[in-house]
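What follows is a single structure, written as structure tokens, with notes after it.
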């Protein structure tokens, strides 16, 4: 009996929940004049267009060296932005973590900086920095750098907080100084997670770098934008394909590194 | 001459409950003292007041003619180099090798930069290997600590405290997470530290029998106060009943401490 009541109750909950979702979906599409049926109906058309226009032919392959050069520029910029951001984030992370933080004021400062850097999207950062630095790779680098600092600081604070306090206590009892404790007990414990986050950040930055490049006119994003606006869709296909391929390769490499260090 | 002198020590973590109240005792050089008592009696806090891992609220702790409570940061670090500490959960850095963990014991003698960049002298390294050999774990010197058994990890902990060349070793329930065999090995090593090296040992224990077998003297702690302090052989059933609160009030009144 009891079981039956519970099952009925569960059923009613599911039905109510489904109705709410359907109503919400209908209302929002109605308000925005978006027709779902129409959207789905045009899907085959879109796919057809993609296959008829976005393919790589022999002519576009001639542009490959130039595209690869731009791609390398983007990848290197992403890595540079991540590594420099890492240095800053380690200090902010140590300041911001409860385990290693020395004063609440510094901790608040670190978390505040991280929060601002993280909560403004990278694209917005790129547009803001564009005004003061102009269309060049420095702008793109800075946008990625700021975004990375925000994210990595947050991740490092979490990693350091998770590290066990027991070794810290033991080192404190031997008379070790603050920095000795940080370097000998805290960092060794959270290094694998930190490296994992750094690799993740490099992957993310390569993806964002494409978008940022469209805005700042640098790297692979600029090539994409250029070919797109000159209606050279075959070249666009090649650029997209090379980005996808490089992201996958980077992901595979970092997965392998993760496996080795963890 | 006493090495550690505790005078009217009191400690509370919040305003309502006092963890320690009016604790006074002295421990001499080369003594092996066990502190027994139920969980929450204040054993760990008492131990941590001696090297000021927790701040002292009332009273005084004198270690080696130094007033522990009034030392500044630098003096406190210097004093801590003379005090080894061993923990229930070993408190090693699990991802580092055994030898690295042992050498952590020398950090108190180093400047920050020397410590950070691993500048240990040959003599210190030799000393570390000597200790590992003595404790029977020199084969594991380059293994990561998380690959060792509990008993072996605790021996690493002992080596880390001994390389400090301490005058006293504080042991916070060193055998609470070990099986009886490993416990015996660890207790034998601790005993030999006091016998051979004349280093004072203060050990927090749960097991009354082990305390009686190994220590020269037992301090019984209950609800933050000392209820027994004397040579191990004088610890009678009445005393343990009082320490652990297992008998009625009438019998407790009869006990004279």
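Backbone N, Cα and C define each Cβ position, glycine as well.
Tertiary proximity for the transmembrane segment (A:12-29) is limited to same-chain residues at least six positions away from its ends with a CB under 8 Å from its CB atoms, namely 35-36. What TrEMBL lists as transmembrane segment is A:12-29 (among others).
Annotation comment: TrEMBL describes A:71-254 as domain 'ABC transmembrane type-1'.
Residues or ranges marked as transmembrane segment in TrEMBL: A:75-96 (among others).
Beyond the transmembrane segment (A:108-131), the same-chain residues lying 6 or more positions past its ends with a Cβ under 8 Å from any Cβ of the stretch are 92-93, 95-96, 101, 139-140, 142-144, 146-147, 149-151, 153-154, 157, 208, 211-212, 215-216. Among the features that TrEMBL reports, transmembrane segment is placed at A:108-131 (among others).
Residues or ranges marked as transmembrane segment in TrEMBL: A:138-157 (among others).
Residues or ranges marked as transmembrane segment by TrEMBL: A:177-202 (among others).
Annotated transmembrane segment per TrEMBL: A:209-228 (among others), in sequence order.
Look at TrEMBL and you will find A:234-253 (among others) tagged as transmembrane segment. Same-chain neighbours of the transmembrane segment (A:234-253): 53-57, 59-61, 63-64, 67-68, 71, 75, 202-203, 206-207, 210, 220, 223-224, 227-228, counting only residues six or more beyond its ends whose CB sits under 8 Å from a CB of the stretch.
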